[in-house]
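Encoded as structure tokens, the structure appears first; notes follow it.
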Amino acid sequence: MVSKSLFLAAAVNLAGVLAQAPTAVLNGNEVISGVLEGKVDTFKGIPFADPPLNDLRFKHPQPFTGSYQGLKANDFSPACMQLDPGNSLTLLDKALGLAKVIPEEFRGPLYDMAKGTVSMNEDCLYLNVFRPAGTKPDAKLPVMVWIYGGAFVYGSSAAYPGNSYVKESINMGQPVVFVSINYRTGPFGFLGGDAITAEGNTNAGLHDQRKGLEWVSDNIANFGGDPDKVMIFGESAGAMSVAHQLIAYGGDNTYNGKKLFHSAILQSGGPLPYHDSSSVGPDISYNRFAQYAGCDTSASANDTLECLRSKSSSVLHDAQNSYDLKDLFGLLPQFLGFGPRPDGNIIPDAAYELFRSGRYAKVPYISGNQEDEGTAFAPVALNATTTPHVKKWLQYIFYDASEASIDRVLSLYPQTLSVGSPFRTGILNALTPQFKRVAAILSDMLFQSPRRVMLSATKDVNRWTYLSTHLHNLVPFLGTFHGNELIFQFNVNIGPANSYLRYFISFANHHDPNVGTNLLQWDQYTDEGKEMLEIHMTDNVMRTDDYRIEGISNFETDVNLYG
């Protein structure tokens, strides 16, 4: 009886030990604790910079000067101030009848991801670490650093818990540490115009990301990660951020003499040939934002900026939402108004020029797209039902382009339902007479063209490319739409989830997506073969990246079509 009691006591004690909160030691002796979630140790809401408040609003992030001692890293931090994504989804609902066309198993997770950004605060520069349970500081596991998307106007690391990646990495026998970083978006992170340029605080959101990467370099070993094996990856604006981290400081991705990252994955995003931070577009965005915030734009640049810094967070949040929602959906005008722009500092030249001249970090990468990227954005032009309507809309979007340039776009993307997006659906899915045409233009302008620019310019690194078609003929009007792959990576472990998780985990471990995946061999992209992986719902095939060459090439060369 005594021995049985001792056994039970030992078992209870062991269970208590196993259930203890995971810990990590920072700065030599400052202990933080996290939460054990099944097979994953989680540390959420770790500050990596001082709060960008008061005089630090709109400025580059400053190193964290507080203490970590006793931090209970149990919960995600609030999102940074931003456009309300729930409004965007609601407008899509009204415009497309989203509830009718997106299957419930997809629609629910989309709204769940949006909920991750409901709580907002300017004090938002925090990151999260996910690792296999029980990982020791000397484990030296590869690190996957996630940069979220959201058109540079919304998004939050809380919407993308890393549990799915860590669990699958354990299953594969290729364990990783997953890190996600908050960064400022919209005017809080990408305010442009003469005033902010003169002050030297452009592209604050990019600097937030880089400050997070510096924190990883300094601290991730304390969580069992290897700072010499860091992969950055993201989707949409997150992928565009990855592209701009590749060209930051002309390709110098070093910090304290060591590389900040060693590989990259760009999902549905790449470099965009934005005009510089003091050009017409950013100035328009700056002045509209200031006006909506109640600041006098006729005053001096310094006075206007001081006024903006004096306003409450709620006033600026309302101002941003007023600007974003002034059009039907408002995403594209805002998308072209805010975002990373050349500033002579972190982005020293135009993005395409930096890649084409070899001024980028020489690391292996993967870049790919969904087949129908533009369908989620096409509602901005739902009222354009004739060619003259579309031309007028293009003149608004491409405000710096000549009439000849716009006419060429219209000729390359005719009002022929069978060649519009969703692609390969014949005359079906024509929500309006011009919907498929506009969707095709946006697919190629914003996503396909930047991907091909990168591939053609980066001949001296190993690179892989893919096209996802797994929702073909499954979702009316939207097809394999922008952002759907996130559902499979973070929410629903069905269909192509294995392809995304396993290829990407292998790439983080080996700089090769093919090791230990039990998936189709994914061949490297070459200029001669243009090898491309096509991701299906349950299987994959290799194909050639040779679709819509003339239309996509036009966007590669006519950069005045971008703002």
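Glycine too: its Cβ is placed from the backbone N, Cα and C atoms.
What you are looking at is a predicted structure, and each value in this text was computed from that prediction instead of being measured.
Per Swiss-Prot, the feature active site, charge relay system maps to E373, H482; the stated evidence is experimental evidence. The feature disulfide bond is assigned by Swiss-Prot to C80-C124, C295-C307, with experimental evidence given as support. Feature annotation from Swiss-Prot assigns N-linked glycosylation site to N302, N383; the stated evidence is experimental evidence. Annotated pyrrolidone carboxylic acid per Swiss-Prot: Q20, in sequence order.
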Compute the C-alpha separation of C295 (disulfide bond) from N302 (N-linked glycosylation site), stating it in Å without decimals.
12
Minimum Cα separation from C80 (disulfide bond), reported as the residue among recorded positions N302, C307, E373, H482 that achieves it:
C307
Whole-number Å value for how far E373 (active site, charge relay system) lies from N383 (N-linked glycosylation site) (Cα to Cα):
20
What does the structure give for the C-alpha distance between Q20 (pyrrolidone carboxylic acid) and E373 (active site, charge relay system)? Integer Å is fine.
44
Using C-alpha atoms, which one of the recorded positions C124, E373, H482 comes nearest to C307 (disulfide bond)?
C124
Among C124, E373, H482, these being the recorded positions, pick the one whose CA is nearest to that of N302 (N-linked glycosylation site).
C124
Which one is it: of the disulfide-bonded residues C80, C124, C295, C307, which Cβ has the fewest other Cβ atoms within 10 Å in this structure?
C307
Rounded Cα separation (Å) that holds between E373 (active site, charge relay system) and C124 (disulfide bond):
30
Around the Cβ of E373 (active site, charge relay system), how many other Cβ atoms lie within 10 Å? Please give the count over every shown protein chain.
27
Identify, among the recorded positions N383, H482, the residue whose Cβ has the fewest other Cβ atoms within 10 Å in this structure.
N383
Within 10 Å of the Cβ of N302 (N-linked glycosylation site), how many other Cβ atoms can you find? Include all protein chains, please.
11
Given C124 (disulfide bond) and H482 (active site, charge relay system), what distance in Å do their CA atoms have, once rounded to a whole number?
26
